[in-house]
Amino acid sequence: MLLGISAGIAAYKSAQLARLLKQAGCEVRVVMTEGAQAFIAPLTLQALTGEAVRTSLLDPEAEAGMGHIELARWADTILIAPGTADLMARLALGIADDLLTTLCLASEAERIMAPAMNQAMWRHPATQRNAACLQQDGWRLLGPESGEQACGDTGPGRMLEPEAIMAELATLSSAAHLARQAHEPEQQTQLPAQGLHIAITAGPTREPLDPVRYLSNHSSGKMGYALAAVATELGAQVTLISGPVSLPTPEGVTRIDVETAVEMHATSRRLASECDLFIGCAAVADYRAEAPAEHKIKKRVDEDGLTLKLIKNPDIIADITAMRDAAGGRPFVVGFAAETRDLESYARDKLERKRLDMIVANNVATQGLGFGADHNAALLLWRDGDGEGGEDLPPQPKRELARMIIDRALACLNTRPVH
Ligand code: C5P
């Protein structure tokens, strides 16, 4: 693994990344740009990797040891973290004016980058153009995430945390076998979710008003998709029942697309009768139009208002906890609660009322967390064979939160008496 570090404040996290890569069994060689050395010392990376750090293209001594073309051929994977806007621009243009860009141009290795920069720089059309260009050239971009930035801004541009980068690497092809060892040491023996079928609802639902309009909500589907990815990595057979979202299907996941709550309800019921764990992560619309218009509703010139008659949608998750299969059992059911106040009391009420086994409660009023964001925090409450439990999960990438939720659900499942 060739770890490229460029000049961003996130460079200090690259030391931890180098450590995790080493722990995963990777042979790691580090190349730093000139600017990166202003943020973190090459000696730090040398101590962590046990290899001399390369910083210059025109270094006769280093070139005598391993020439840059040789180094480019040596790498199976080039991972750049952090990748600055400037580096992205140079790579997109094929410029080779320092060691790192030259190696990238000369290498046929798998190329992965975790960009990090100020949010305005990331959003700039030039950077977006370069990001698209790099992806077209075969680069995998991990992140950036949204959140508070070192410069005081809030928005997209934060480098993914080293642990999240490792988790992403675990899903990529040639880097996968190495990173997996670190992320999921269990894989060498039995995976913790092997043999389990997990069904997960995700995203919003769309309730038609007429052929061109609908009622919906801001759910991005990110949490449900993160749960599906993690559960698959842990060996489960995963079916994702997805409302309309613009996310790629995680590798190995079976995805069934639905639009309305009624469709999601029918598919969920079918799958719930055959799964071990059902996670209701979707933001299901509580109401739908009683009678969607057959043709586009026209604006009435003579009236100032329009009244829509809505009727209640089925409560998918409550229906599933009421289910019994032939043997008198039902899946372990995890629900979500998005609240803006009194998190714990509303969550407890939902846990009881919907007869859930576990609830993941989020405060969606917290800035930068929840709907559409890449991070979230949660209060977990559960009931299992050992009684009741609870845990506060601090703000973290949704992927890591997903891992904690799945781990807890699997632990509960093990202690659970047959329903
Ligand atoms: O909307 P509410 O806060 O009641 O949602 C709590 C939980 O119930 C979530 O897990 C959600 O996916 C689920 N739900 C459902 N069917 C509905 C409404 C909510 O399965 N009609």
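Glycine is treated like the rest: Cβ placed from N, Cα and C.
Small disclaimer: the values here were computed from a predicted structure and weren't measured.
DSSP classifies Cys151 (active site, proton donor) as coil under the three-state reduction. According to TrEMBL, the active site, proton donor annotation covers Cys151.
Annotation source TrEMBL lists CTP binding site at Gly280, Cys281, Ala282, Asp286, Lys296, Pro314, Asp315, Ile316, Ile317, Phe336, Lys350, Lys354. In three-state terms derived from DSSP, Ile317 (CTP binding site) belongs to a helical segment.
Sequence annotations record features per position, and here TrEMBL assigns domain 'Flavoprotein' to 2-169. For the domain 'Flavoprotein' (2-169), the mean pLDDT of the prediction comes to 92.
Here TrEMBL flags 194-410 as domain 'DNA/pantothenate metabolism flavoprotein C-terminal'.
Taken from TrEMBL, the feature region 'Phosphopantothenoylcysteine decarboxylase' applies to 1-197.
Residues annotated as region 'Phosphopantothenate--cysteine ligase' in TrEMBL: 198-419.
With the fewest other C-beta atoms within 10 Å around its C-beta, Cys151 stands out among the recorded positions Cys151, Ala282. For the pair formed by Ala282 (CTP binding site) and Cys151 (active site, proton donor), distance between Cα atoms is given as 35 Å, rounded to the nearest Å. Neighbour density for Ile317 (CTP binding site): within 10 A of its CB lie 27 other CB atoms from the protein chains shown. The distance from the Cα of Lys296 (CTP binding site) to the Cα of Cys151 (active site, proton donor) comes to 48 Å. Comparing local CB density within 10 A for the binding-site residues Lys296, Lys350, the maximum falls on Lys350. Of all the binding-site residues listed here (Asp315, Ile317, Lys350), Lys350 has the Cα closest to the Cα of Cys151 (active site, proton donor).
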